[in-house]
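Q: Per TrEMBL, the features are:
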- 32-54: transmembrane segment (TRANSMEM)
- 236-256: transmembrane segment (TRANSMEM)
- 263-281: transmembrane segment (TRANSMEM)
- 319-340: transmembrane segment (TRANSMEM)
- 360-384: transmembrane segment (TRANSMEM)
- 457-484: transmembrane segment (TRANSMEM)
- 505-527: transmembrane segment (TRANSMEM)
- 539-556: transmembrane segment (TRANSMEM)
- 605-626: transmembrane segment (TRANSMEM)
- 647-667: transmembrane segment (TRANSMEM)
């Protein structure tokens, strides 16, 4: 599609326009067809959400479903206070995945709490006359309304009125799982290694392992998750303070760039080197401090996976690996600074010009909030629609028979009419139980297609929101550059004017560019899905082909984002359609490829160092705070299970905050650079064709002495 744009618009180079004086204000709508398609797709997306809302039921995700298709814990039902799902015979469940997917071939019942003891129906039946309390406890795990302990055990188990046994369990994902624990290296349940299965056999607790394979790992993960949640609950206030400090630092740096861009960025560079240097020293100190401590010389392979991450910090190998990684990063940064020192000086000068532009249009610093809100709306709508689509099915019931030779087993059935059929006579003990959610209607057959459409439109809308932000910022900064007398000729409210122009005239062009990116991203998602499905295959050629395709489409996405970004700048300046703007931007950059490689990418590198310094500085402060190393605040620090939980949150959050502010700066530099290249090609500094660039920018990137060009015929 992009190649078609370039072929369609290829031809003679763009000629000089003597009447050009800056961004075009008298515009017309561009890419109208794509705009109409985009609006129709949005209306269809809204309709899809409405249909999903009508047919979907999120309660199917929130609440477990018993064998009768009723939700556990749903209000105004008999299960209101029964929020947990209980399995009659968990030994029939082959794996926890089957359990969670509600496909375990055993009766499932809603209960108010999980069993806390071992018991069998046979034992309870034998003692119910003189121990009625045991029967009253056991029958809460039987079918509702069943209260006939005189019924023979064989008939009860055949009809599945009650479970043959109950074992001590605990709820997880609102389902009862055996309460596994390890005692002296032996797997136990409630400190017992054996139990009666209610069918005359004494079985080992390890027999439950197959049915609950991996449950211990999941439960340990839940324990870690609960501790992390507790840490967030008691440290959220300090996390917000850390993010607020990151915001202040980012704003402070951007404001100071207007006056001391060079000094600040050299501070950025040496600050990052210093932070990494401190990290190297700290890793060496920890490595040397652990010398001689028993167990510290073990390897990560020796101890295996541990949910308590503090164990890894007690190994010398861990700190040695950290130190080697940081040393490698330090060497790479220093070498880059040595070989690119002259280019860095040039980039800093361009950043000073960008800082002046932002100084005159300060409102641009807060535009990322608009983009964030738009993307948040897209994500929320996509997630809600996906949930409603996933829960659009009707309850499907299937015949569950105890006899493996029953020809009706696994066939669909109607629970209301099941008892009137002859299935129970031909297959004694057969039941019509809930299996899963689905349907045979046209809507239900195309649920997967609707989910795919939901994902595609979501990608399209997200990329459109990003494109709108880039075009809006480009228009605002272009109005600064093409103002002959700065700041007198800068139009009033340049950001709002640029946003209005982008929405009114160029929605189609922005949607066109976003559509191209969304298609590539959807293909990448499909490739990742195929790679995940074929991960276990032994076909090396298939894995190699998928790897090549994933790499190619990743590179294609990066290239298209680069082309689109500069195309949006040209759209903001000239108001032309997407294909023409993409072609003009691409050829303009190719004619200035050296400047692009040196200035644009070095600028990106410096801005990245700025983000790292903000995140690293706040991260170091948070590290000293949460590890009680700041005496003034030692009494204010909350007691945490894992201090790295708020620490990583602060570091990642600080980086994202800095990225939001610095992305505006990056867009400013890219816009000014593209405008500068246009200025050099269109003008020669003469009275008839004066440069729009500032004198300082011309001294930095242009020739030291102006030499008038020959007139270019239009």
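Placed from the backbone N, Cα and C atoms, the Cβ positions cover glycine too.
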Q: Look over the recorded stretches 32-54, 263-281, 319-340, 457-484, 505-527 and say which has the most C-beta pairs under 8 A to the transmembrane segment (539-556).
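A: Stretch with the highest Cβ contact count: 505-527.
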Q: So, do the transmembrane segment (505-527) and the transmembrane segment (457-484) meet, by the test of 3 or more Cβ pairs under 8 Å (sequence gap 6 or more)?
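A: Contact confirmed: at least 3 Cβ pairs fall under 8 Å.
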Q: Which stretch from 319-340, 360-384, 605-626 shares the most C-beta pairs under 8 Å with the transmembrane segment (236-256)?
A: 605-626
Q: Under a Cβ pair cut-off of under 8 Å, which of the recorded stretches 32-54, 319-340, 605-626 contacts the transmembrane segment (647-667) most often?
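A: Comparing 32-54, 319-340, 605-626: 605-626 has the most Cβ pairs near the transmembrane segment (647-667).
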Q: At a Cβ cut-off of 8 Å, and with pairs 6 or more apart in sequence only, do we get at least 3 pairs between the transmembrane segment (457-484) and the transmembrane segment (319-340), yes or no?
A: no
